[in-house]
Structure formats: C-alpha cells, structure tokens
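Feature annotation from Swiss-Prot assigns NADP(+) binding site to 40, 46; the stated evidence is sequence analysis. Per Swiss-Prot, the feature FMN binding site maps to 135, 136, 137, 256, 257, 300, 315, 316, 317, 318, 319, 341; the stated evidence is sequence analysis. Positions annotated as compositional bias 'Basic and acidic residues' by Swiss-Prot: 272-283. As annotated by Swiss-Prot, region 'Disordered' applies to 272-296.
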C-alpha cells in the first residue's frame, strides 16, 4: 500500500517527506521536484517570504539515476532561512541567556482566531504558540508536494494522464463557469497570476486581492483539480473506507485552511431533481458515452472513465494584518492576535497542493487495483485489464 508521512517545522532546518510502497522504475529527478515546489510558490497575493524562502531539494533515498528503486523514498526540502532560526528552533537544549537576546524567541501568547494556536496550546500543554504554528504552518505542504511528484510521474507513465488544477474563485469574485481545462492548458494556467483558466475571471480575482490588501485583510477561494483519462474502476463500493471520493475528500480536507470539498457538481446537485442530476449513458463506437459529467468522474466510490473533478474551498488566511481580537493566554486579558509575515491570498498555491494530494490518493488506488513491483509490471496489469474492459464494451 502506498503510504506517506512528513516531518519538520516551518522554521526548522528542513522538511522531510517519506513515501513507502511506490514501485520501481518511476522517473523522477531533483529538478522535477523543484519544478513542482516552484509551482507551489506561484500566485498573486503571496507574501514577501516567497521571495527568500527557497526550497532546496535533496533526494535522500529510494532513487538511483533518476528512477525509483522500489524501496522507501525520502526527500528533504531544506530551509534557506535556517541560520536565522538555528538557536530558536534547535532540537538540542539551548542556554537561556542565548535565547533571551533573540527577538524571535518572544513568547507567542495571543492565539490567532481561525488558526491552530489556541486548541494546540491547550491540547499539548504549551505556554507559547510557537510549537503549534511551526508544525501547523502551510509550509509543511512543501513536503507533500515533493512526495506527490513521484505519484504524478507514476500516473503519467502508467496511464498517460496529468493532474492539473485551476482557481474557480477568490473571495467574492464571480466563479468560473465553463469547460474543464485539459493537460494542454496547464502551462497557460500556471502563467496566470492567480492560476485562472479564464481571463475575465482572472481580472475579477486580482481586483478582489487588491481590495483586501488595501483593507489589511485576507481572502480564501475555491480550487478545482481535474484528471482526464483515468480507467474505470479505481476505488470500490465495498466499504466506506474504500470509496475513492471519501479518500479524496479526506486528503483534501487535510490541507491547511481547507474547509469544504465537493466532487463533481457537489452541492449544486442537491438542488436538482434526479433527472437533472445524473449523467445519462448511451452507446458509442468505442464504449459508453456521457453527455455530462455532473458526477465528477466518480460513481459509487469508483472512477467511471469520465474526467475526475473535485473542488476544495479554502478559508481566508487566519494571520490577518488587521489583527483580530483574541485573549492573551498568559494574562487572560483582551488582546489583539499575533501577526507574522503572511499572504493576502494563497488560493493559487492551494491548487498545487490539492493536485499533490489527489495524485497521491489516485496513485494509491491504482496500485491497489493493478499491483506490481515495477512500472512495467503495473502497466502490463493495467493494459490487460483495459483490454478486458474494452472487449466487454464491444459486445
């Protein structure tokens, strides 16, 4: 089974991603990972930290000469800002006198509404929010994006598919309504300042960000992830835990600041009658055809051959320049929340992180379905299955 885990803190020496269960022969280089991490840094409305918090990638194990070996994979994403934080974030004990002179070591006792600060301090018994925010930070997603680079390559090699995303809306901007983008549109989407597929939508989103910036505020939005060309039958209806839509929802909700997920037309489907909610089928020259894709490529917890389409709603960033009211946990008195460097809007980057989680989950489901110890073996298993499906549909 494909499994992943990350370790590290926002201002620690590095983030580490571990990926276990990936087959041998997946083609990935350090440059490939760096490319995906650079995409994660895209987006109008990002803070100044994006300019100097570079991602230095080191593949520690599981890869030789650009191909996976079949064993556990470890990737380190170094923090170029580490020298500034080495004393504050040292894993070993530090003399109190050294810490006293460090402005960065000032206790953070005023939790930010909407952040993990308050609950984390109480749950783990911390007097300071620093240990909470260091791990809860969205910086951790860099490690997930690194791990997902292997899943993306696996899906490309076995199925010939690409994972892509685009921003549907930011703040109160009019949501994009139109055709789903394809892999050939990805470069144009990444070239957009807000990773929008539509120029008019892009202008509306930028205007929203500019207004929020002037007001000392932050914005959330909605992103959509799309994969064209997946085979029928990834996932299962056998149990709730096996349903691919449930697994995708869990993975997307596990991204920092994501507060809602929908598959296909999702919540809008609940407003329709059944005759207008489902995707009718008809015979075609090469199999079953659908006139719509309201289900987002998933029925009964399984892929149905249509484009996989899922959306995630991101709340506004909780580090608000116009600091929100809170309580100082050291005194119990009214206060304003702590404010550190932050973005006005990170929705474009959230799309790249959402791609990563979808890639990991879909690759996991693909390996469960087709097995194998190498790309060649998994591909052969898939092609045999695909031939059988095609033969059934040709009857």
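Using N, Cα and C of the backbone, Cβ positions are placed for all residues, glycine too.
Tell me about the surroundings of these features in the structure.
DSSP classifies residue 40 (NADP(+) binding site) as helix under the three-state reduction.
Within the same chain, residues at least 6 positions away in sequence whose Cβ sits under 8 Å from that of residue 135 (FMN binding site) are 9, 10.
According to DSSP, the compositional bias 'Basic and acidic residues' (272-283) comprises 4 helix, 3 strand, 5 coil.
Counting same-chain residues at least six beyond the ends of the region 'Disordered' (272-296), those with a Cβ under 8 angstroms from any Cβ of the stretch are 180, 263-266, 304-310, 390, 393-394.
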Under a three-state reduction of DSSP output, how is residue 135 (FMN binding site) classified: helix, strand, or coil?
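Residue 135 (FMN binding site) sits in a helix per DSSP.
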Mind telling me which of the binding-site residues 137, 319 has the densest Cβ neighbourhood, counting other Cβ atoms within 10 Å?
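The largest 10 Å Cβ neighbour count belongs to 319.
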Around the Cβ of residue 315 (FMN binding site), how many other Cβ atoms lie within 10 Å? Please give the count over every shown protein chain.
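For residue 315 (FMN binding site), the 10 Å Cβ neighbour count is 15.
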Check residue 315 (FMN binding site) against DSSP and tell me helix, strand or coil, would you?
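Going by the DSSP assignment, residue 315 (FMN binding site) belongs to neither helix nor strand, so it counts as coil.
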Tell me the coarse DSSP state (helix, strand, coil) of residue 257 (FMN binding site).
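Assignment for residue 257 (FMN binding site) reads coil.
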